[in-house]
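Asks: Below are the features I grabbed from TrEMBL:
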type     : residues : note
TRANSMEM : 12-31    : transmembrane segment
TRANSMEM : 43-64    : transmembrane segment
TRANSMEM : 85-104   : transmembrane segment
TRANSMEM : 146-164  : transmembrane segment
TRANSMEM : 176-204  : transmembrane segment
TRANSMEM : 216-238  : transmembrane segment
TRANSMEM : 259-278  : transmembrane segment
TRANSMEM : 304-329  : transmembrane segment
TRANSMEM : 350-369  : transmembrane segment
TRANSMEM : 389-407  : transmembrane segment
TRANSMEM : 428-453  : transmembrane segment
Amino acid sequence: MAPRENFSSRLSVIVAMAGSAIGLGNIWRFPYLAGEQGGATFVFAYILATLFITLPLFLSEIIIGRRSRSNARDAMGVLAPKSRFWKNIGILAVLIPIIINSYYSVIGGWSLDYMIKSMTPGFFHASPGEVSRVFSDFISSPWEPIAMHLVFLGISVLVVARGVKTGIEKFSKIILPVLFVLVIVIAVYSISLPGAMAGVSYLFKPDFSKLTPETFAYAMGQSFYSLSVGMGAIITYGSYVRKEENIMVSSAWTGISDLVFALLAGLAIMPAVFAAGIEPGSGPGLIFQSVPYIFAEMGSGVPLLSAVISTLFFLAVVVAAMTSCVSLIEVGVAWLMERFNLRRSAACKWIFLVCGVLGVLCSLSFGPLNDLHIAGRTLFDFFDWASSNILLLLMGLLVVIFVGHVMKKADVRDEITNSGGFKGNFRLFGIFYFLVRWVCPVAVLVIFFFNFLG
Ligand code: PHE
């Protein structure tokens, strides 16, 4: 078997991990969930969860990956070879990304479609009502979204087929800064629209009487989702991180940039949603209904300007989504390669096949399969809800229990301080270990418990 690949530098690690973290979760999912789950109260719970639960969990996944040097399916088994439980439970880490990837690339396809639509004359003359109609016609028409889903997934699979260094790293480095700048420009513009301030207060003025266990479950699920934890992606990337790397610093950078990015995306979308009179709880279509409106206003009278900015924006969204999709695909590919001794290209084909078919079903659930419900939800909603609100939390719980209670404390410390080389990390280790050992598992369990009882 070929030797394991490694990321080439500190910057590459951060960029690849941030590339995995920053994606549709920030731009598409965060604003629409915040809209559905009551705005600022949700945002507050999300920030809290990210700092105290998700970040330690993120670091834990890198530790498991780097120490085991294994794919996510087998990583915990490698570190606890005597336990059948830890040997087998890793299968979750391969199944979850497959589920997420299937519907993720449907939304990636929508973004691709909107990038193309942005270049079509007439797209920006529409009123907010018209923009919504264009969107619902699009998602319910069976063929167009399916074709876009398959194109999006296909390109992502091709990137993965080129390997860790050549494909994933280079790809991430170029596009993230572009996206960052664009989102800031849009946020500034969005806030300046008449009536936009209502959107800003909706996002940042919490009403604590509305804080329920359900809000926390959604916020924590979103936080896990956004940082790509609870499903093997970071374990897999962690296994490519070199021994000399200071993983505490890399994690902090990734976590903070992801959080800032989500808040910026919220600021770009929500004020415009209020300015346009769109219902904040409109669901998964929120950005596709509000962003074209923002751009139409921005370039009012100059359709070319609207077209250029909008195309650039959706291009950046597509690429950010791809760097995340790539990390989802890599989990399954790394496992298939090591377990069945497949070549990278063959493993990629399998993933394309499985996620392609499941994604087609998810896409159809906005049209012909709309009446097919599981647990009261359409297939798309069920995949999204079951993975983020149940499976990610479950896997996250297992990971923190593993690092906090199964691995030896000395080994965990060794990873964080690089066998004592990073003196500054000793004090932080104490805080980290306490969070991982006690705060994280208890918080996840409590939220899980109340959410299901309530
Ligand atoms: N974190 C990615 C996003 O925010 C999605 C993702 C989830 C990627 C899980 C990998 C693993 O879009």
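Including glycine, each Cβ sits where the backbone N, Cα and C put it.
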Asks: Who are the chain neighbours of the transmembrane segment (428-453) in space, where the CB to CB distance is under 8 Å and they lie at least 6 residues beyond its ends?
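Replies: Same-chain contacts beyond the ends: 49, 52-53, 56-57, 59-60, 213-214, 216-217, 220, 248, 389, 393-394, 396-397, 400-401, 403-405, 409, 412-413, 416-417.
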Asks: Taking the transmembrane segment (43-64) as the reference, which of 146-164, 216-238, 350-369, 389-407 gives the largest number of Cβ pairs under 8 angstroms?
Replies: 216-238
Asks: Other than its close neighbours in sequence, what residues sit by the transmembrane segment (304-329), given a CB gap under 8 Å and a spacing of at least six beyond its ends?
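Replies: Hits for the transmembrane segment (304-329): 16, 19-28, 97-98, 100-101, 104-105, 107-108, 111-112, 114-115, 118-119, 123-124, 152-153, 155-157, 159-160, 167-168, 171-172, 175-176, 178-179, 182, 186, 228, 231, 233, 236-237, 291-292, 295-296, 298, 348, 351, 355.
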Asks: Cβ under 8 Å to the transmembrane segment (146-164), counting only same-chain residues 6 or more beyond its ends: which ones?
Replies: 5-7, 101, 105-106, 108-113, 171, 240, 318, 321-322, 325-326, 329-330, 333, 344-345, 348-349, 351-352, 355-356, 359-360, 363-364
Asks: Apart from its near flanks, which chain residues at least 6 from the ends of the transmembrane segment (176-204) lie with a Cβ under 8 angstroms of it?
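Replies: For the transmembrane segment (176-204), the nonlocal Cβ contacts are 15, 18-19, 22, 27, 34, 39-40, 43, 261, 264-275, 277, 280, 291, 294, 297-298, 309, 312-313, 316-317, 319-320, 323.
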